[in-house]
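Taken verbatim from Swiss-Prot:
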- 15-35: transmembrane segment (TRANSMEM)
- 36-56: transmembrane segment (TRANSMEM)
- 67-87: transmembrane segment (TRANSMEM)
- 88-108: transmembrane segment (TRANSMEM)
- 125-145: transmembrane segment (TRANSMEM)
- 186: FMN phosphoryl threonine (MOD_RES)
- 212-232: transmembrane segment (TRANSMEM)
- 241-261: transmembrane segment (TRANSMEM)
- 265-285: transmembrane segment (TRANSMEM)
- 298-318: transmembrane segment (TRANSMEM)
- 320-340: transmembrane segment (TRANSMEM)
């Protein structure tokens, strides 16, 4: 006699915790690269974010009278915290990451019912709210430390995060102002503010763009690319979303270069600046808020690439990945509705 059980009859070994853990492992090279170029502040932000995220998950479990392991062991809150911590400036005030984690987990995740119920990517909801509400703190990126006359020590990093100044009394913006030829701290910020004055060639010759790999930003994006390819190889994420996102952006950016030369950064510089690779492989591929159908994934990724192009080239925000992901999240129910695979034996 065979015991009759309901489907599913086969089970995937990709449990939620395993999925989250692999994503975090794939982020470690980029995290290390970011810390190498921007200093100890990266680790301080990550520590605060992870500590608060675990505390919130435990508190929510107790409020809902669930087992603590039910909320903590799936690592979803930890991954959200890590993504947000990497996204914000390393020397942003501590209360920035505190507000961000509270918004991400309480407002954008648990207010919808918890893991699997949220409509929008929690980390990007928090990032977008922080960017709109605290633009000065959220644009306080230091240049790579090899461009600074006196890179912050570990003590300076702690002081900057918790008091806003180094032990010598310098703020982040004062440290940034000590580097000649840099208007803003990231390549995209610098290009956005300096393009009309200096032109493309002048921008590319500035300190933040000089050198083979643009002083750290290329290496960070290459590390995210390598981690993303690992996730595709391990079948943790699908290739359609990052391929469609990067392909759409590269296509539109390339056409702009052909039709309007010398008006924007070239395609390669755009692809390897800001959060492009991070967004393509680690943010847009969130299994809860992304499209679930094969064709839908391509459309979803293409939409993100389109939105990033429009905002970067014609909007006020130089990076645009967070806003683009959130805009595409809105379209997911419609995309999934019209891209459902046809059942065998049924009409179109």
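Placed from the backbone N, Cα and C atoms, the Cβ positions cover glycine too.
Sequence-remote contacts of a segment are chain residues at least 6 beyond its ends whose Cβ falls under 8 Å from one of its Cβ atoms, and for the transmembrane segment (67-87) they are 16-17, 20-21, 23-24, 27, 30-31, 34, 42, 45-46, 48-50, 52-54, 56-58, 60-61, 97, 100-101, 104-105, 109, 114-115, 122-123, 126-127, 275, 278, 282-283, 322. Within the chain carrying the transmembrane segment (320-340), a Cβ under 8 angstroms from the stretch's Cβ atoms is held by residues 87, 119-121, 124-125, 127-128, 131, 274-276, 278-279, 283-284, 289-296, 299-300, 303-305, 307-308, 310-312, all 6 or more beyond its ends. Under 8 Å from some Cβ of the transmembrane segment (241-261) lie the Cβ atoms of residues 228, 232, 267, 270-271, 276, 279-281, 284-285, 290-291, 297-302, 304-306, 308-309, 313, all in the same chain and six or more residues away from its ends. Remote same-chain residues near the transmembrane segment (298-318) are listed as 131, 186, 188-189, 191-192, 240-250, 252-253, 256, 264, 270, 274, 276, 279-280, 284, 290-291, 324-325, 327-328, 331-332, 335, 339 (criterion: CB distance under 8 Å, separation of at least six residues from the stretch ends).
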